[in-house]
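Listed in TrEMBL:
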type	residues	note
SIGNAL	1-23	signal peptide
DOMAIN	27-184	domain 'L,D-TPase catalytic'
ACT_SITE	141	active site, proton donor/acceptor
ACT_SITE	160	active site, nucleophile
């Protein structure tokens, strides 16, 4: 209520207010790799659905190693934002998460030191190492100067979640560093 009153006062006074400062509160994303859509949720309400997203060339699931072109499933946060990405905008995810690292350790894909580095980063609220055998630099991005027709016809990323440039611009109104992203 206080935010609405403050916004009203600022508008009356002729001040401009960033939509982001109000819009990102309690916003989270659900990426459905089966329907290839992304829901923008605010609390328990869906405020937008972005359709025809693209994922990794080899689908979604448990990543086996760097370069496998699989979009990882799980719960992540937006760990960093690159507004000047070659893909227009890039919202980097906190992949690998502790669950990813735990599964990889049990299967012998990473060693204990790597597991502990990932776990420490998450515990400290930092971005986990991006250079492990599990891969990294997984995020949500636009097309940049890429082909819209290819985007519409196939999954083309190396594991990221791709939107059109219009969609990534729309999404940037709602998200910020720390936004929860569930990929299922």
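Indices start at 1 and increase along the chain as displayed.
Cβ from N, Cα, C; glycine included.
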Residue 160 (active site, nucleophile) CB neighbourhood, other CB atoms within 10 A: 23
Conformational class of the residue listed as 'active site, nucleophile' under the three-state DSSP mapping: coil
Tell me whether the residue listed as 'active site, proton donor/acceptor' sits in a helix, a strand or coil according to DSSP. strand
